[in-house]
Amino acid sequence: MGIWAGLTFCLLAAGVISLAFSIVWRKPDILMNMVVSKADLTAGLILGIAFIISFFIAIAGVVQRNHVTIGLVITNYVLLVDAIGVLVIGTFIWFYTLTERADFNVLWLAATPQVRQELQDKFQCCGYFMPNQSFEISNFCANTTFVNQLNPNVSSNACVTPITAFADYTLNNIFSSIYGFMAIVLCLLLATLCVIKKRQEDERFKKIDAKRGGKGFVKRKVPISKVATASTTSSKPQASRNVIRRFHILIKSKAQLENKQMLSAQDVEELGRINAEIEEMGGLEWYQQMSAVGQGDDRGGGSEKIFVGWLKEMKIHEGRPDKLQLLEVGALKPENYRHSCSWIQNTPIDLRSRHPDIREQDFLLLDPIENQQKWDAISLSLVVNFVPDSKDRGRMLSLANTILKDSGYLFLTLPLPCVTNSRYMTFDHLNSLMEALGFIELRRRWKEGGKMAYWLYEKQHEPRLQDFEKFTKKIILRSGNRNNFNILLTR
């Protein structure tokens with residue numbers, strides 16, 4: 001913000017300078033009035049006023065609350081208009097300097113005899129191109145005999161040289177200043193874009209933080225060995241599942257309330273109750289703790305065993321010139337793939353890291369350009385169902401396609417009821433949705449009465465927006481007492 005503020009006041013200074021010189025240079029001055037016309041001064045006056053107005057629009061935009069960026073967006077449009085104005089004025093001056101000798105000849109001939117006399121006396125010259133052409137009898141050019149005696153080959157004897165020298169100096173300074181103003185305008189435009197982006201990210205983090213109960217987005221990283229205490233590792237499997245299931249219900253209910261346009265007093269009370277229960281349960285840290293316990297070796301390990309097993313079935317580990325680059329999203333432990341480290345290079349990330357080897361990163365905030373086709377494989381194990389918003393779930397899967405290499409692998413894990421007991425989702429519907437996103441199913445695993453469903457997809461092509469139509473809104477596929485899990489795609 002310091003850079004943005006500095007550039008904003010530079011814009012104000014540019015406006016004041018342009019305004020001041022446009023007024024000062026209107027005073028009677030034969031030479032200056034010849035070099036800088038009234039039209040030029042009017043253009044400078046308008047430009048100065050435009051800069052000052054832009055300054056106040058920028059200030060009005062930046063003092064708004066973080067989630068209100070419309071003022072800054074308007075500022076950028078105004079700055080674009082300023083830039084076009086500067087470009088037009090600067091280009092006009094530049095073209096004028098290319099033909100100034102001929103242009104000033106026209107002005108010389110159009111000037112009154114008194115003006116020509118004053119210019120001849122000021123520069124001690126006669127005529128314009130030649131001493132004996134278009135001259136006036138004056139103090140310096142006393143008579144025709146004197147004028148005819150002047151050597152026409154000496155450039156200083158004619159007035160074209162001193163006049164154009166003054167014009168060069170003046171117009172070059174104006175030209176340089178104008179394009180200096182252009183640099184300020186463009187830099188401020190870029191800085192405003194950065195401020196808008198930063199505010200949008202801050203607002204997103206704030207929403208994420210609010211959905212977590214307002215405990216703060218970034219926490220001090222604590223070694224996982226300190227978190228997984230004896231009391232948690234000894235907890236019963238059913239107890240862990242109950243905590244995880246209840247946490248999902250609370251997060252979903254909270255998201256539904258927060259997405260309402262207007263909250264009633266009852267809604268506010270319910271939201272407070274949900275936040276209090278999440279807090280009482282221990283927040284996201286406790287959820288991660290229970291999930292980590294469920295992935296312990298004494299509980300059969302995590303879903304990575306299924307993923308690695310499928311990759312080995314397809315001989316992916318054989319004859320590789322380099323390691324398979326895997327992005328593990330929602331990692332609770334950094335060593336999930338330690339037994340396959342000879343051929344898998346795992347990069348674990350999570351919204352809130354519980355270990356120094358797990359990078360703290362929101363998957364949805366990954367730069368798609370920086371990560372485009374960077375990864376050989378991505379693991380989304382019990383991640384998509386944790387995202388409260390249906391459209392964000394679709395964005396997550398679409399982003400996975402973007403950052404996967406061609407023929408890369410996507411490992412997807414969902415609680416089985418998400419597809420077997422949802423109003424809006426079935427196995428066939430999910431398969432069609434993934435095909436629209438450019439994936440083809442290679443493996444699927446689940447069993448009747450089970451808890452989990454696993455898929456392995458391969459990236460075939462980029463998402464086809466024309467295939468998104470039937471996935472852009474909720475479609476009731478089944479009725480009855482079912483859950484509302486859904487994934488929506490946005491064009």
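A Cβ is built for glycine as well, from the same backbone N, Cα and C atoms used for every other residue.
Listed as Cβ neighbours of the transmembrane segment (41-63) (distance under 8 Å, sequence separation of 6 or more from its ends, same chain) are residues 1, 4, 8-9, 11-12, 14-23, 25-26, 69-75, 78-79, 81-82, 85-86, 89, 181, 188, 192, 195. Annotated transmembrane segment per TrEMBL: 41-63 (among others), in sequence order.
If you look up TrEMBL, you'll see 70-96 (among others) marked as transmembrane segment. Away from its own ends, the transmembrane segment (70-96) comes close to residues 43-44, 46-47, 50-51, 53-54, 57-58, 60-62, 64, 103, 171, 174-175, 178-179, 181-182, 185-186, 188-189, 192-193, 195-196, 199 of its chain (Cβ-Cβ under 8 Å, at least six residues beyond either end).
The annotation transmembrane segment is assigned in TrEMBL to 178-196 (among others). Taking Cβ pairs closer than 8 Å, the transmembrane segment (178-196) reaches residues 1, 3-4, 7-8, 10-11, 14, 18, 47, 51, 58, 61-62, 69, 72-73, 75-76, 79-80, 82-83, 86-87, 89-90, 93 in its own chain, all 6 or more past its ends.
Per TrEMBL, the feature S-adenosyl-L-methionine binding site maps to GLY330, ASP350. DSSP gives ASP350 (S-adenosyl-L-methionine binding site) a strand state. Within 10 Å of the C-beta atom of ASP350 (S-adenosyl-L-methionine binding site) sit 22 other C-beta atoms, taking all shown protein chains into account.
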Where GLY330 (S-adenosyl-L-methionine binding site) sits in the secondary structure, as DSSP reduces it to three classes:
coil
I want to check the contact list for GLY330 (S-adenosyl-L-methionine binding site): same chain, sequence separation of six or more, C-beta distance under 8 angstroms. What comes out?
ILE349, ASP350, LEU351, PHE363, LEU380, SER381, LEU382, VAL383, PHE386
